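**Q** Okay, so TrEMBL annotates it like this:
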- 5-157: domain 'F5/8 type C' (DOMAIN)
- 163-343: domain 'Laminin G' (DOMAIN)
- 350-524: domain 'Laminin G' (DOMAIN)
- 526-563: domain 'EGF-like' (DOMAIN)
- 562-614: domain 'Fibrinogen C-terminal' (DOMAIN)
- 771-936: domain 'Laminin G' (DOMAIN)
- CYS909-CYS936: disulfide bond (DISULFID)
- 937-975: domain 'EGF-like' (DOMAIN)
- 995-1160: domain 'Laminin G' (DOMAIN)
- 1193-1218: transmembrane segment (TRANSMEM)
Amino acid sequence: MLQLNTDSQLTYPSFCVLFYHLGYSTCFSNNYNGPAPSESKPFTEGAGGWSPQATDRQPWMQLDLKDRMEVTAIATQGRYGSSDWVSGYLLLFSDTGRAWKQYREEDGVGRFVGNVNPNDVVHHKLSHSIRSRFLRFVPLDWNPSGWVGLRVEVYGCAYKSDVTDFDGRSSLLYRFNQKSMSTVKDVISLRFKSRQAEGVLLHGEGQRGDYITLELHRGRLALYLNLDDTRLRFSSGRVAVTLGSLLDDQHWHSVLIERFNKQVNFTVDSHTEHFRTKGEGVSLEVDYELSFGGIPLPGKPGTFLRKNFHGCIENLYYNGINVIDLAKRRKPQIYSGNVTFSCSEPQLVSTTFLSSSSSFLSLRATASSLGGFAVRFRFRTWNPDGLLLSTRLALEPQRLELQISNSRLRLTHHTSAQQKEEVSTGHRVNDGLWHSVSLSSRGLQVTMTLDNEPPSTIDLEDHMEAGDLYFGGCPSVNVAGCVNPTLAFQGCMRLISVNSQPIDLNLLRQGRLGNYRELQFNTCGIHDRCLPNFCEHAGQCSQSWSTFYCDCSGTGYNGATCHNSIYEVSCEAYRLAGSSSGYFSIDPDGSGPLGPTKVYCNMTEDKVWTVVTHNSTDPIRVQGSTLQKPYIMKFNYSASPEQLIALVAGSEQCQQEVTYSCRKSRLFNTRDGTPLSWWVDQAGERRTYWGGFLPGVQQCSCSLEENCIDMNYFCNCDADTDSWANDTGVLSYKEHLPVSEIVIGDTNRTFSEALYRIGPLRCYGDKSTWNAASFYQESSYLHFPTLQTELSADLSFYFKTSAPSGVFLENLGLKDFIRLELSSPSVVTFSFDVGNGPVILAVKSHVPLNDRQWHYVRAERSVKEASLQVDQLPLRFLEAPSDGHLRLRLNSQLFVGGTAARQRGFLGCIRTLTINGVTVNLEERAKMTPGVSPGCPGHCSSSSSLCHNRGRCVEKNSGYVCDCSQSAYGGSSCTEEVSVSFDRESSVTYTFQEPFSVMQNRSSQASSWYRESSRARENMAFSFMTTQSPAMLLTVSTFSQQYIAVILARNGSLQIWYHLHVDRRPDVFSPRPSSLADGRLHRIRLHREGRYIYLQVSQEMESKISFEIYPLDVMWAGSKGFIGCLSSVQFNRVAPLKAALLNHGSSLVSIRGQLVESNCGLLADSAILHSQSGKEGLIGKEPLRNASQSNSAVIGGVVTTVVFITLCAVAVMTRFLYRHRQGRTDASVTEKEHRHNLETAYRRETAYQAEPAYRTELHLNNSSSLRNNREYYI
């Protein structure tokens, strides 16, 4: 027996130490030499302790509290006088001692930190109490130099409850004293545990149309609530608020429903949903009664319209009334139909298969008196693949496999090593619910049955006799007839029976029946990792047994948790990235809660203007309005009010033109100055200044300019003349913009009228881009409020320094912290701790980072992973542990440029510090901080836009230069177009040798697919001009036969062909039907995020495009090549066309045929091409030729790029050539031969041959060395 006494260091005034009886799996030593428990001496004075036998495969220690208690804290200690202690353990609880559930903290962590020596006591106060009779401590780790040793103490108090049991046919009816009950406030609370996934817990309804229903559906709780809305009562579209998951686990769950008028708080366990009810009323009117356990037919208690509840309910309160207590006392307002007042416990015991690679359970198949064999069991899992059952048949090498494959149940009969027969059934059997499966043989047939699905059969050649049965997987040692097809089963099983004989798994655990590995008995360890949903911005959560994934498709965000916006925050950011005027999606708050919005970015002037339109931009004539009945127009903008506020706040300046013409229509009353017309600002405030005048003054722009038609008035309209007057001006006080409403009240007199037009909102500048601070003293820093980044955080900024090291920012908690620093001249380090131990990510640059030039840093931490990006260096990321702590708990101030200890401070400049989409105002705080100054010295430290189109400003001693190496443009400011004209026999091949992420291979495992697809992206931009169609514009391919092709189809329309999954048909997007082969210059911008492609053509609005299939068009375009001009080609951060022109002697560049540098990018729409051979009539320079030519293939008419990746991919950007050539092809090839080549290519493509039908030969000067790197291509 262990000592059970209070520790003086842990005080819980309202609780007591709980006394218990001890049980254990095995016992090596549980000697106890101290006093009896009632003598109450300090914990650390006790002797003895528990240690299991060394042969115990799954040791545990169990406490029986003799009754259900409420446990609030636990404490552990090592075994007395030994080197035995437990350093980590799980805590399980149970009402019966048979079915157990693992205790988890609020963030899902189930592992408790134990002891580090045998003497010290480690306490844990539980975040939510346990109400149970039995506790079980399961050691996970212990002293590696000793053994498991444990003493425990638990704290809590007695727990009393009123319980009733529903057997699936019973109910409780609570009848009102009057005909109906109408309430504006309701509080309903209860606790329940259920034996099935379906059942009604609560229902009430009224003749007016009100109803309330609480229903268990598919293991989740659905609350239906309607107040006085007959449409919802008689429609099939009733909407439920759903909470919880896996609630049919036979353990207690708490429910609380709080309603006041239309506002409702719905809580299940620790998760709460807030919502407003449907309907017009604010009161809930229920007639006659509330029913618990089902929905009875009128006048027939016990006859239910829907499936009734099967399980137990305790502490059921309705508006303060203890319903179960009334039923126990047989009060007349309660009808208790067939219920009992104790909770019957089922004998269902589950077993958890813990590992997807090594778990298994083997049993000997007993002989059946009827011949053949029959196996039944139930399972639940989240994994889409896993082996459920495998057995070898008497006729070797035949065997049967029952597995989950692609979320379906599949039975396979292997007749030989190469031959098999399969049948499948079910859909999404990995939904986390219990599914029943049976497998039986009779005669020459094997039958598989899943739930209520029709049975599926396989015919046999001979009568079947099963050998050993392997459930969940196969042993690691080779066992004839048992091989894991993909993964072992990871999930729960129960009710296993073989030949109608139930299997007692306790005998298996005791070693008296069969064999097993990596199993956890008497518990189902399934855990819903999508509750709560950590996917942000409406991302869809899915899960496997060990982790969750976020599908960000269509959200406008990406990343492991859909945290990062795929759009820039402003038009200024798009210009800096090299874009030209057009429609763009911007996300004003980045990764913040606001979504993206469409705007027009005007980049034709020195300033970049963001234009947001509204629903009424045309001039509108107003007549017949008075001050009592004014004319009112509300403006609906293309952005939400919250997005507009963020856009205006982040801009340097905003303005909105107001055109107002009038005839006998005044703006202000001439006697007392009362406004007769006004406009309403973004905050809903009335504004009476017009046309650019200062706020608060009732005047117009003519007064400011002193040119009003009558100087006795401050507005032209107030002269009240019979002729038309004008008070047009520009509103430029941005805190009041945009105009949300206009009110006109003086157009009801004879010949009185007004004509107005409110222009779009126009803003320029990005205040965040150059918000900077300079740090001059190592002990100085800027401090800001604590980071509110418990679950996700992204931090980005630019820095430049000459110091070898320094801390960029730091925020501390009691134990948690987050820190970003320059740890050495070439290393940036991101470190943090959320309770799982310190995590360190470091990016090392091949050049020093303290070179007084701007460098970009972005760090992100979420519940899924952490990442660190420095400039364009490879991204470093680390996945978070699947069962670790999730929340980053900080409590100190955020320090920027230093630390609280005033050590290792940063010396240099930091600008554009953004945290979770919010820009930190460094300049404002720097104005009042010693050792720090606002702004940053240097030519490259202002918003003057010295370098354009992705050009990088580089500081020099006497000025600056623009580094245009990553820009598709050239010149001193990266503004000059780089254009080349191609004929049919010309091409360029460019080779990347650094790691580069383009398209990534998809693993067959779901976790790999989700991880990679969340990062898979491309950005392409180029201009072209041609009259040829079909034509191949650009291609990208990888060694794994993935590719992208951008073409003009035979009708001249643009098509984008994606083949990212080599085992599927290609996907082809057709964004617009009109022809682009019109001799005009067209600009293409293409951006892919995962499964979605965003495309902009010229000045059109960006669109998200859908799938179509046009494989023959692509082949035809590939055979024709390209004749025309390509300009300013950008692929991600690479400009291959410019590199080919400037570095054509490099081994990275290979040119074939004749290229002519052109100025077609400057010709724009005025240039009309005439299809010719040679130079195509374009103004050009001397042609470029490669010194080495090959006769093995002809590649012509496109820009081509080859990307070699050391670890994961070899990406090729090249002409996609759809025909074989052995040397130069004769121009006189007949149409018949050409058509035959196309048909052959199409057949090979559809057959998915490993040997591609059409290849592109890569012309590289160093081809021999690259061939050693495994050159793959389409």
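Any Cβ shown, glycine's included, is placed from N, Cα and C.
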**Q** Taking the Cβ of CYS936 (disulfide bond) as centre, how many other Cβ atoms lie within 10 Å?
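**A** Taking all protein chains shown, CYS936 (disulfide bond) has 24 Cβ neighbours within 10 Å.
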**Q** Could you list the residues of the same chain, at least six apart in sequence, whose Cβ is under 8 A from the Cβ of CYS909 (disulfide bond)?
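**A** Within the chain, CYS909 (disulfide bond) has Cβ neighbours under 8 Å at ALA772, ALA773, SER774, PHE775, PHE799, LYS800, THR801, CYS936, PRO937, GLY938, SER941.
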**Q** DSSP on the domain 'EGF-like' (937-975): how many residues come out helix, how many strand, how many coil?
**A** 0 helix, 11 strand, 28 coil
**Q** At a C-beta cut-off of under 8 Å, are there same-chain residues at least 6 beyond the domain 'EGF-like' (937-975) that contact it? List them, or none.
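**A** Residues packing against the domain 'EGF-like' (937-975) from afar: 575-578, 606, 765-766, 769-770, 772, 774, 800, 852-854, 872, 909, 911, 1021-1022, 1128-1130, 1133-1135, 1137-1138, 1142.
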**Q** Mind looking up the mean pLDDT for the domain 'Laminin G' (995-1160) in the predicted model?
**A** 70
**Q** Thinking of Cβ pairs under 8 Å, which stretch from 163-343, 350-524, 771-936 has the most of them with the domain 'Fibrinogen C-terminal' (562-614)?
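**A** Per the Cβ count, the answer is 771-936.
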**Q** So, by DSSP, how many helix, strand and coil residues make up the domain 'EGF-like' (526-563)?
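**A** Final tally across the stretch: 0 helix, 10 strand, 28 coil.
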